[in-house]
Amino acid sequence: MLARVLLFLCVVIWGSTFVATKILLDFVNPAELLGLRMLIGLPILGLVVLVKRIKLQFEPREQMNLLAGSAVITAHFLIQITGLKYTTATNTGWLIAVTPLALAVLSFLFLKERISRNVVIGIIVATGGVMFLVSRGRFAQI
């Protein structure tokens, strides 16, 4: 039960970041906001590493992968925050919610990955939920 409550809390926090980001963009630019986000997140991750006594030792190749992954995540957040400056939090949430559908289709087309029945059901339920939220229950207006 605790795991479900924590998962729900995680989703609520993640979902609210779009609205919070949109509000904060009235006061700071996207790069500053990204810096603030990282300043909040990194100490929390550091605390988890310390409490769980996780050893951070990376081989040279892993260090390059870590650096590349960090650059991609940073670019993703910067593009997302900049996009929020020019559109609504709802539109941004919609675009983020469509990402799993797009990835599943692209993986099927280019990587020949099989799409399982559970993935299809998950995509339909998630897309339907987002459509319901965005349209406020009036699907004809989409």
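Residue positions begin at 1 at the first shown residue.
Using N, Cα and C of the backbone, Cβ positions are placed for all residues, glycine too.
These numbers come from a predicted model, not from an experiment.
Here is what TrEMBL says about this protein:
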DOMAIN    5-134  domain 'EamA'
TRANSMEM  36-54  transmembrane segment
TRANSMEM  66-86  transmembrane segment
TRANSMEM  92-111  transmembrane segment
TRANSMEM  118-135  transmembrane segment
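Across all of the domain 'EamA' (5-134), the predicted model scores a mean pLDDT of 88. When Cβ-Cβ distances below 8 Å are used as the criterion, the transmembrane segment (66-86) is approached by residues 18, 21-22, 25, 30-31, 33-34, 37-38, 58, 92, 95-96 of the same chain, each at least six residues removed from its ends. Sequence-distant contacts of the transmembrane segment (36-54), counting only residues of its own chain at least 6 positions beyond either end whose CB sits under 8 Å from a CB of the stretch, comprise 24, 28, 74, 77. Sequence-distant contacts of the transmembrane segment (118-135), counting only residues of its own chain at least 6 positions beyond either end whose CB sits under 8 Å from a CB of the stretch, comprise 90, 93-94, 97-98, 100-101, 104, 141-142. Under DSSP, the residues of the domain 'EamA' (5-134) split into helix, strand and coil as follows: 110 helix, 0 strand, 20 coil.
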